[in-house]
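Annotated features, as they stand in TrEMBL:
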DOMAIN    110-231  domain 'MI'
DOMAIN    274-395  domain 'MI'
DOMAIN    409-530  domain 'MI'
DOMAIN    577-696  domain 'MI'
């Protein structure tokens with residue numbers, strides 16, 4: 001901290017220095033410079049003496065303050081007085097006085113006392129607006145993290161009503177009266193002191209976990225908070241239990257949003273779903289009637305100022321979906337902003353939530369980005385929307401482009417992976433290698449791999465061609481990436497035909513096999529044809545021949561045997577044969593067969609690319625007959641590596657597609673499927689990106 005030469009520091013000076021070191025906030029404090037000449041002995045001057053000693057210093061300063069060049073270098077060699085630099089957080093420019101560590105401690109203690117009074121009054125009167133104003137009046141934003149910590153810790157020792165009130169207040173204060181960084185810091189401090197809190201609050205682990213989960217649901221705490229805390233907490237700390245409880249006990253369960261929001265009964269017995277339903281109703285009625293005053297009255301009656309961002313979001317969504325209602329909606333929003341019914345913080349939050357979900361909206365509203373950009377421009381031109389405070393987004397969706405060097409490096413690695421596969425037939429090894437090499441799951445790299453795989457297979461015998469088709473089905477790459485890979489192959493077919501005269505026939509078989517194996521859909525095959533230019537081109541010829549092959553009688557059996565079935569050990573089975581064998585082996589196991597025997601039968605099928613059918617049929621039996629033995633079979637197959645994550649995910653996806661039909665025989669099929677999805681994810685069976693949204697009928 002400092003360098004002292006040939007001097008002795010008195011006990012009193014040492015204590016003062018230590019106190020300074022402890023009091024200073026390492027994130028905001030400027031470095032403290034201390035003079036090398038220190039009076040070795042003597043008592044510290046009282047605070048009043050220090051102030052008096054500074055008066056002579058101020059007289060020599062042109063601005064009446066401390067002379068930065070001469071006096072702000074350390075401790076006076078005449079008296080033991082600390083003089084801090086102007087840029088130090090302990091120096092108060094407005095009052096022209098120097099704050100010592102002691103005065104800073106006094107300020108913090110004063111903030112603590114006042115904040116406790118503010119919190120107790122809030123619990124007594126439940127007035128969010130008044131509490132917000134009182135917090136602003138404290139005028140110490142750097143200490144707001146303590147307010148967050150104290151609010152939650154006091155609420156944890158009270159009833160459900162106060163806990164809900166605390167959650168509501170935090171959501172209202174976020175980005176308005178308390179900055180996001182202070183909210184984050186407050187929760188960090190709470191997690192750090194769980195070991196101390198548990199003495200007074202026995203159930204602090206579960207209660208704090210619920211507060212953190214609620215903060216994440218309310219968008220006032222980022223999900224990355226959990227990961228960062230786990231990285232800095234000690235393994236034996238109770239804080240680790242809190243983070244694990246948030247992840248596994250709350251955020252990973254089905255319908256976790258509704259459960260968390262209603263855990264403490266909702267604000268004044270109003271759940272989030274109730275409020276959302278009322279907001280939807282009032283906006284729908286407004287679009288029909290156009291009565292702005294009535295709509296504003298309904299918004300006031302809701303009495304949820306912390307939830308007004310939901311009004312903004314849903315109103316904008318209606319304006320985007322129903323273009324004729326845009327004028328009415330914008331007039332209503334302008335009126336609520338000008339009258340102060342919805343404050344600027346809630347307006348910004350509503351628009352930012354729309355920006356965050358624009359990619360998902362684009363799936364249902366093709367021109368969502370352009371429409372939202374138009375709405376933002378119109379609102380900004382009317383003067384009630386500050387564009388500078390909104391998140392940025394482009395009209396065109398961003399596409400990640402790869403550097404030429406990265407793509408070239410991946411091509412060489414992909415070739416080595418494929419050549420090794422042709423020797424080992426190990427699809428799992430290919431999956432692991434691709435996962436490590438293409439860690440960002442880049443679509444462009446997937447396309448490169450598909451093109452390289454088929455090109456190498458076409459230069460080899462039927463055995464490798466069959467293996468290439470099996471690998472494509474086993475990896476379960478995005479269908480769009482596989483289709484783009486075929487487009488690149490077809491576009492380069494003219495050049496490749498010089499070295500491989502039978503490229504047309506080979507590509508026709510690969511394309512048809514991809515459709516039969518459901519790697520790509522028939523509609524994607526049609527899309528590939530639409531992108532081929534020239535009726536007389538080789539590409540158009542390939543597409544037409546593929547379509548003809550797929551229309552032929554018994555096309556599935558012929559295409560599966562087009563390369564002799566070497567990739568499936570030459571068994572020559574049809575798709576129906578394989579499904580029948582899978583059904584029979586599962587029936588035998590269900591009737592009391594051994595786990596080891598069922599595992600052996602699946603392995604002997606020799607069709608790893610078709611294991612999703614095993615998953616599908618087993619899961620249907622579990623749901624229809626509540627047979628948990630089937631679940632144990634899937635567990636064994638996954639643990640041993642017989643069924644890969646991709647095949648497991650694909651099997652669950654097949655069941656999801658047939659849920660409506662299954663629900664005719666099993667009324668609670670959708671609820672069961674939702675539970676099994678979460679269970680499979682917790683066991684690591686499923687691709688984390690897989691998302692199932694239950695539908696209501």
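Glycine residues also receive a Cβ, built from the backbone N, Cα and C atoms like all the rest.
What TrEMBL says about a protein is an automatic prediction, not a curated fact.
Taking H, G and I as helix, E and B as strand and the rest as coil, DSSP gives the domain 'MI' (577-696) the counts 89 helix, 0 strand, 31 coil.
Secondary structure of the domain 'MI' (409-530), assigned with DSSP and counted as helix (H, G, I), strand (E, B) and coil, comes to 97 helix, 0 strand, 25 coil. In the domain 'MI' (274-395), helix, strand and coil residues by DSSP number 97 helix, 0 strand, 25 coil.
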